[in-house]
Amino acid sequence: MSLTADLARAQAKAATLIEALPWLARFAGSTVVVKYGGHAMVDPELRRAFAADMVFLRYAGLKPVVVHGGGPQISSMLDRLGIDSEFRGGLRVTTPEVMDVVRMVLVGQVGRELVGLINTHGPFAVGLSGEDAGLFTAVRRTAYVDGQQVDIGQVGDVESVDVTAVTDLIDGGRIPVLSTVAPGTDGVSYNLNADTAAAALAVALRARKLVVLTDVPGLYANWPDTSSLVGEITADDLAKLLPSLQSGMVPKMEACLRAVRGGVPAAHVVDGRVAHSTLLEMFTSEGFGTMVIPA
């Protein structure tokens, strides 16, 4: 390669760094809660890219906190064990048998793998679950299908959050990685929807942003019309749109709505199938995905 071509490549890299400068200045010292899920969890290259993104945020002066789901891995393990599973209203029906698998996969597999990937870049990540240090307390929830309330078993909503353990880790320069299993006040363990848990944590931490990784480019106002992709939407407009959304997007957009109405300045849904999507959202002028802002 010629010297001119090498210089052009170097200048392009420098231009990218300079473009990020105002965003680095704006978000320095800010807490960012990132919900990790979808295809980004199952593709090896995307997993490595996500881990690198979190370390980049840490070195750039931000305070990333990761809340992960594990839907694909849970489904795979249930299939291997011959345990039937179903979804109602976008949420997994969680029997006691399914709950055992959920805990095993989230805490023992997905969380540990992500911690390991992040720590290939340095001793940053520490794994926690909602059962540790009273982080989350859950309350049983139901789902709605066609306007009817239905039972979904040991699925919980977040009743309370104690961020002491998380803030201690952040203050120590660590990257907390949270699995969403939590005890209820009734003594039963619950499977928290990771989107819901991420929103509650973002509010409790007074985070600057909530970023939710999905398997679509963002929110569509009129799915499957791909021209209806929404770049930015207010909380009030999102609340009006929620009843018409596809069931899989409802928990994600509800989480964004809860976060913004709880005081988080902005919540974002980004396409986790695109490598470094979190950085594209945080540090480019164009942004990426759909941003939810207060009314």
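Cβ atoms are placed via backbone N, Cα and C, with glycine included.
Among the features that Swiss-Prot reports, site 'Transition state stabilizer' is placed at Lys35 (among others), with the record citing sequence analysis. Cβ contacts within 10 Å of Lys35 (site 'Transition state stabilizer'), excluding its own Cβ and spanning all protein chains shown: 32.
In the three-state DSSP scheme, Asn191 (substrate binding site) is classed as strand. Residues or ranges marked as substrate binding site in Swiss-Prot: Gly70, Gly71, Arg92, Asn191.
If you draw a 10 Å sphere around the CB of Lys252 (site 'Transition state stabilizer'), it holds 28 other CB atoms from the protein chains shown. DSSP assigns Lys252 (site 'Transition state stabilizer') to a helical segment in the three-state reduction. Taken from Swiss-Prot, the feature site 'Transition state stabilizer' applies to Lys252 (among others).
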Exercise. Find, among the binding-site residues listed as Gly70, Gly71, the one whose Cβ has the highest number of other Cβ atoms within 10 Å in the structure shown.
Key: Gly70
Quiz item: Around the substrate site recorded as Gly70, Gly71, Arg92, Asn191, what other same-chain residues have a C-beta within 8 angstroms of the site's C-beta center?
Solution: Gly69, Ile74, Ser75, Thr94, Val102, Val105, Leu106, Asn193, Ala194
Self-check item: Fewest-neighbour residue among binding-site residues, criterion Cβ within 10 Å, set Arg92, Asn191
Solution: Arg92
Quiz item: Per the record, substrate is bound by Gly70, Gly71, Arg92, Asn191: how many Å separate the farthest pair of Cα atoms?
Solution: 11
Quiz prompt | Separation of alpha carbons, Lys35 (site 'Transition state stabilizer') and Lys252 (site 'Transition state stabilizer') (Å) | solution = 10
